[in-house]
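TrEMBL annotations:
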type    : residues                                                                                                 : note
BINDING : Lys9, Lys10, Glu11, Leu12, Arg13, Arg139, Leu140, Gly141, Arg142, Gly143, Lys144, Gly145, Tyr146, Tyr147 : ATP binding site
BINDING : Met56, Glu61                                                                                             : substrate binding site
Amino acid sequence: MCRLVNMDKKELRRVLRRMSREDLTPEMRNKASEHVCNMLAVHPRFQDAKNVGLYMALPDEPDVSSLIRQSEKEKNISVPRVIDEEIIRFYRLTGNTELCADNKFGIEEPGENEQTLVDPQELDLIVVPALCFDKKGYRLGRGKGYYDRFLALCPQAYKIGVTIGMMSVEELPGDPWDLPMHEVISGM
């Protein structure tokens, strides 16, 4: 684990992306993903939640697809879709949901379907990926503010941050709109 200090968010993102490209092996990611999924599966908040927001992972994030498959029969699982350059909305996965990766990030997303659009107020739990978190639960995301804006719409939801865990910071530079996670699960 690397400790990073005295950098702004843009520089931290650059360093962390480089570390992920150079140091994160497929075996490390698989092991971290398995650990994160196992910790979430037994977490009391996850077990009690009926409506759960998860995500489709980028290569430097824990892959939670096994947790999605394992949980979709007993829970309402939703994943985000980028609606425009500034907004994400969550859509419920159903047995016939088609995922498509026709976006600039190459992330699989559900199609825009008003019937499966989730009201943010319905979510009991949201699992949020990040490059890293600080000791207070603040996250360093991709820099677009998608989750910051969405999380502000669902203050009732319990928020668990997840990360591969290659990097750790004592305190991230903050912005007024940043919201902390209730807790963080690290894969390493």
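Any Cβ shown, glycine's included, is placed from N, Cα and C.
Listed binding-site residues: Arg13, Lys144. The one with the lowest count of other Cβ atoms within 10 Å of its Cβ is Lys144. According to its DSSP assignment, Glu61 (substrate binding site) is coil. Spacing of Met56 (substrate binding site) relative to Arg13 (ATP binding site) is 20 Å (Cα to Cα, whole number). Around the Cβ of Tyr146 (ATP binding site), the number of neighbouring Cβ atoms within 10 Å comes to 18. Looking at Arg142 (ATP binding site) and Glu61 (substrate binding site), their Cα atoms lie 11 Å from each other.
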